[in-house]
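Remarks on the structure that follows.
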Amino acid sequence: MKHSSSSSSLGPGGLDLTQTFFKPINHAVSPTPTKRIKISVIGVGNVGMAIAQTILTQGLTDELALVDVNPDKVHGEMLDLQHAAAFLPRTKIYASVDPAITAGSDLVIVTAGARQIGDESRLNLLQRNVGLYSKIIPPLVNYSPDMILLIVSNPVDVLTHVAWKLSGLPPNRVIGSGTNLDSSRFRFLIADHLDVNAQDVQAYIVGEHGDSSVALWSSISVGGVPVLSFLEKQQIAYEKETLENIHQQVIQSAYEVIGLKGYTSWAIGYSTASLARAILRNQRSIHPVSLS
């Protein structure tokens, strides 16, 4: 099946003008080719496109493949991103309904699936999404057997396990976005409460992404200072109810955003891009993710 992509062929008969503008240098030694990074995003809904846009603006990939069941939607999203080329790092962008376009991907990010509605729990999405995964995961592995698979669809912890089973890949190459976003929300709320920069706050949410997550209170530090032990040493009283309220706000955050705008997108986009950067650049940074 044909797919859409960027093109350098212009003029009558699709003349490749690169041969006109750029002449080879005689006796020149070609530079050692560097490995080109390719990321594929499966599903171009609000979450998929937030991830794609963030990946592009952060210059994380040389090639970006978009796949969706809606041909007009995926083609339109590709064109919209291509039209921003003058403002972005150079990236080849492709789009298709055919997963063959993902061939040779280093990282495949799966966002396709039923969308959470209102106060619907993430686990209620399970049956609808398991059926979809059984159709899309095997072909993705067939086209990119050496890829790392990053699952974002909800319920992400269960679907990460499902994807691992369907893929046949080693467990360390099938990763879910886990509580990376929950932890970011946690850090924001603590930073907001203390009136400091969220980047200076270390704090983790672990366990299942969503309603049954666990807040690691002992992990909270600000500027390298463990907060709870500092308060105890200084004999500063604090209410455990205040801490629990912050955790409850983390849990309710997605429901609040969905209730206001109908979906979540930007925060999960940045969260997933941070995971992509850590994986592709082997940054050895620590993230709370889902594994089988």
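In case you wondered, yes, glycine gets a Cβ from its N, Cα and C as well.
The following features are taken from TrEMBL:
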- His209: active site, proton acceptor (ACT_SITE)
- Gly43, Val44, Gly45, Asn46, Val47, Gly48, Asp68, Asn129, Val152, Ser153, Asn154: NAD(+) binding site (BINDING)
- 37-176: domain 'Lactate/malate dehydrogenase N-terminal' (DOMAIN)
- 179-286: domain 'Lactate/malate dehydrogenase C-terminal' (DOMAIN)
Distant-in-sequence Cβ neighbours of Val47 (NAD(+) binding site), under 8 Å, six or more positions away: Thr111, Val152, Tyr263, Thr264, Ser265, Ile268, Gly269
Given Asp68 (NAD(+) binding site) and the residue listed as 'active site, proton acceptor', what distance in Å do their CA atoms have, once rounded to a whole number? 25
List the residues of the same chain that sit at least 6 positions away from Gly43 (NAD(+) binding site) in sequence and have their Cβ under 8 Å from its Cβ, in sequence order, or write 'none'. Val67, Asp68, Val110, Thr111, Ala112, Gly113, Ser153
At its widest, how many Å does the recorded NAD(+) site span between Cα atoms of Gly43, Val44, Gly45, Asn46, Val47, Gly48, Asp68, Asn129, Val152, Ser153, Asn154? 17
Residue counts for the domain 'Lactate/malate dehydrogenase N-terminal' (37-176) under DSSP, helix then strand then coil, are 68 helix, 26 strand, 46 coil
What is the Cβ neighbour count of Gly45 (NAD(+) binding site) at a 10 Å cut-off, with all protein chains included? 17
